[in-house]
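The annotation coiled coil is assigned in TrEMBL to B:92-126, B:216-243. Residues or ranges marked as transmembrane segment in TrEMBL: B:350-377, B:389-411, B:446-471, B:483-502, B:508-526, B:538-562, B:574-596.
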Amino acid sequence: MALLETEGAKAIAAGIAILGGALGTGLAQSAIGSSAMGVIAEKPEQATRLLIWLAIPESILIFGFIVALLING
Amino acid sequence: MGLRPVKMAKVRLIGLKSNLERTIGALESYGGIEIRKVHAKGLDNIRAFAGHDETIAKMLRAEAMLSRMQPTQAKARMGEKETSEFLKSKEFREILERIEKTASEIEGAEGEIANLQDMKARLRKFSNFGIDFGKLASSSVEIVAGIVPAGKGEAARKAIEAIPDCSFAQKPASKNTTMFIVALAKGRDQQLENVLKTGFERVTIPQIGSTPQKAIKSTECAIAELEARKAALEKELGKISAQFYPKVAACHELLGIQAGKSNAASAFAGSLHSFIVEGYLPEGKFARFSQEMRDEFGERIEIIKISAQELERRHEEAPTLLEHPKILGPFEFMTKFVSIPKSNEIDPTMIFLLFFPIFYGMMVGDVIYGLVSFILARWIMSKVTPDNILKPISLVWMWSAIPTIIFGFIFDEFLGVSHTEIVARFTGAEHVVLYHGLERIHNIELLLGITIIVGVITIASGFGLGLVNALSHGNRKHAIAKGAWLGLTLFGSAAVGTMAYSVFPAQFLTPFTAVAALCVAVIIWAEGFMGIIEIPSVMGNILSFARIIAVGLVGAIIATILNDMAFPSLDKGALLILLIPLYIAGHLMNAGLAMFESLIQGARLNYVEFYSKFFEGGGREFSPFKFERKYTKSDT
């Protein structure tokens, strides 16, 4: 239990927050990315527009980042 | 220029059918009205003009000719009458025939050259034999040729030797293959069965009356002659193109215009003697349009105007015309990139211009990177064609370089380090402190708070604009809901800020919370309990602005790592040869990444978090009835 009272525990928690966010973002982006590739194969002019869609799940990582900052703050 | 698209009015024209062609000509000549297909009860739509199909056929023929010619610039544009006369002239027919004949001869020569090249390649495989193929023809003996991969040559030879009354010759056909020529009694093809199993692939023996070497030489001569003929024909076509391309292009253009005008007739509805047509045009230009029509037709046309206000009242959607100075072109592109606003809603171009550079500048936030992004954007612009998507994006990068430099000074970041450190590193002058900036790496929590405040302001502005939109549409309940969301965003954030971070004195907490609760009650009244579900989404939207500091920190930390590990200081000695390009390339790559990522994230903050609070989109862009003229000019 002493571990949980140390700065190290905070760092681990912050790491988990970022890791969870990153995994969630990665999973969502992998689905969007593969679908986007399908669209680009048929309509290459949509490529730039799809970049915005690809950026949507990055919010999850941003939330992880905020949580990590709050834990360390 | 403003926060709304140009106000569009609808116009209805009723005229005599005998004036139909002239009316279409006058509308095209005016060039500022979008014709809309009329669907009127009891009236049929008018058919395209007589000869429409013939015009299309002529246009396609001219198009086919143009594709064979080499484009040349027109010295002067041809008038419609002049082009029309040229179209009917014997000269035009003769030119088309000459082009067709020359192009077809070129195609024929190309086909023959390809055949001869193929023949030459086949002959090469037999060139090692030195046999006169003309003497091989016999009524009792069949000659079979085939290629075997190098590793299977021995097996094939043994299989051939096993065939009774057969003789053969073998020579290398290429580096990895062997060619066999086998002579066997006619009608004994089945004896080759075992040979074929070894990988023996039959090859057609060329029909030549000499040795392969001689045949190759005569083929090469024939190819050279055909090449010379083709070159002469291409020169001839070049001459015709130089002389007649603009004229043929003018004919094609005029035929396209005639076909377009003829087709436009189908948008008109008509009775036996009269027609009716509808269109949209900017309301401010109606008086000029009306005058032009009166000048052309006098009282023989009825012009009815339906104002933008009346269209709004009828919930009729007009096409959208965005009007901005040319300088705002790239930001207009960013608006159209998501969706074209409806004609009666707020045009977010100016809003994008206001918010995006701030988001972008805060994310890149480095003086040197700002300068680099400006130069990189200029360079990209000089390399791409005007219709390339990178052109407007580069312009956005260029404009956004200005706030990037400003925020760079605020954050005191020059290649990721403070001005004091950069001066010390490059000049050796220590302790040069001109001011104290808000360095991102050392002020994460403060800047996180600032980005959240930016988020609150942006989202509140979005709801404010939504309120304005709803009021202008006369939708009071929707306007009240937007007002309540605006209040909840502001007072809810203030309450949370006061409670958690003491942003305001503690005595404000109760009134802030009360107003926020009142706003929630209004939202439930206006949108039902489903409205409450949106509250976490709005909170998420506000927190999403933390990406501004997150993306910015990534760039700043990469820059710091480069400075720590690859800074080419003089004490590094011979390593400088490696460090200098590594340092420059590293920072260039980091600047490029920051430009790209900040563009995507900045645009996303606008499109997803901000626009969703007020923007409907789904409008249809105004497309006036006019034709692009490059080779012809109107006679009127």
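Using N, Cα and C of the backbone, Cβ positions are placed for all residues, glycine too.
With a cut-off of 8 Å between Cβ atoms, the residues of this chain six or more beyond the transmembrane segment (B:508-526) that come close are 477-478, 480-481, 483-485, 487-488, 491-492, 494-495, 498-499, 532, 534-535.
Sequence-remote contacts of a segment are chain residues at least 6 beyond its ends whose Cβ falls under 8 Å from one of its Cβ atoms, and for the transmembrane segment (B:446-471) they are 345-346, 351, 355, 358-359, 362, 438, 440, 478-479, 481-483, 485-486, 489-490, 493, 501, 538, 541-549, 552, 605, 609-614, 616. Summed and averaged per residue, pLDDT over the coiled coil (B:92-126) gives 90.
Counting same-chain residues at least six beyond the ends of the transmembrane segment (B:483-502), those with a Cβ under 8 angstroms from any Cβ of the stretch are 449, 452, 456, 459-460, 463-464, 466-467, 508-509, 512-513, 515-516, 518-520, 522-523, 526, 534-535, 538, 542, 613.
Below 8 angstroms of C-beta separation, residues 61-62, 65, 68-69, 86, 133, 145, 147, 173-174, 179, 181, 203-206, 208, 212, 215-216, 219-220, 222-223, 226-227, 229-230, 233-234, 236-237, 240, 244, 247-248, 251 of the same chain, each at least six residues beyond the ends of the coiled coil (B:92-126), sit close to that stretch. Away from its own ends, the transmembrane segment (B:538-562) comes close to residues 359, 362-366, 369, 411, 413, 415-417, 440-441, 444, 447-448, 450-452, 454-456, 458-459, 485, 488-489, 493, 583, 586-587, 590, 593-594, 597-598, 601, 605, 608-609, 612 of its chain (Cβ-Cβ under 8 Å, at least six residues beyond either end).
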